[in-house]
């Protein structure tokens, strides 16, 4: 199992993500700098971490989405390699048009930083197969721009296709239809604002994030 | 050649920042403001003869996120 974490200037959850991946796979991920144009050969799983890539200049995730490594990530995603974007990683995936919609400033304008209940909406995806359908899990959020937006037709489509992975049980940021996590049409790209890598150890206050990594990395299989 | 690009939120897209600015204006005693929408102004200094198609591509590929934003290019 070969994993990679993409590191942008301003990423700040890259090490947490690396700890999560190593805990589950037993092997440290490759840390891939945004200026690289290639991923390690045979990479099985790619994570885009949280943070404030390029200082959120222009729009959150906008610059990172145009960095050289994103072309390689996009190619890998098209080949079916699982790609997980958390928080800023989710913003990057929408800006790169690997996921639909956009993440706007939180409706309440506050930076929201707390553990929130999430409803598992789709428990069939490769990322969420470790959860029960409709199960409520607790995962921390920490963001200013997590207000998910897409036009009504797009929202209807992704809901109809079962591509809403998670919803907020209590909408913390104004997201359309309480959406907290979205899958691409092939189901191998997941973007989510909550941080599963911050809920993998009892010392974190909960371990609900662990099952996402275990499912995605095939440990449960 | 200076080119001005105005990036604005599409109609119907909620603008929390515009709302906050609106509230602040009211707090300062400015009544009669019906609505506030915040956008972005970008000034480009480009080679003379840069084509409209290139300017449009710059906006569509980077300067605006067309999921939520419109843009308008103003040439001298």
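Including glycine, each Cβ sits where the backbone N, Cα and C put it.
If you look up TrEMBL, you'll see A:87 marked as active site, nucleophile. Residues annotated as active site in TrEMBL: A:195, A:197.
The secondary structure of residue A:87 (active site, nucleophile), as reduced to three states from DSSP, is coil rather than helix or strand. Following the DSSP three-state reduction, the secondary structure of residue A:195 (active site) is coil. The number of other CB atoms found within 10 A of the CB of residue A:195 (active site), across every protein chain shown, is 25.
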